[in-house]
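> Could you have a look at this structure, given as structure tokens, before my questions?
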Amino acid sequence: AVCVYRTCDKDCKRRGYRSGKCINNACKCYPYA
């Protein structure tokens with residue numbers, strides 16, 4: 001699957017995380033910026 005930054009970030013925020021980033025084409029959620 002291709003990680004799209006905007007989608008990843010929005011998905012992470014909806015799950016209560018601070019932000020999301022694409023690492024090795026995978027979405028990673030972070031509790032901090």
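Note that Cβ sites are derived from N, Cα and C of the backbone, with glycine treated the same way.
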> For C22, which disulfide partner does Swiss-Prot record out of C3, C12?
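Swiss-Prot lists the disulfide between C22 and C3.
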> Taking the Cα atoms as reference points, how far is C27 (disulfide bond) from K21 (site 'Basic residue of the functional dyad') in Å?
6
> For Y30 (site 'Aromatic residue of the functional dyad'), which of the listed disulfide-bonded residues (C3, C8, C22) have their CA atom within 10 A of its CA?
none
> Radius 10 Å, atoms counted are CB only; among the disulfide-bonded residues C3, C8, C22, which position scores highest?
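Its Cβ has the most other Cβ atoms within 10 Å: C8.
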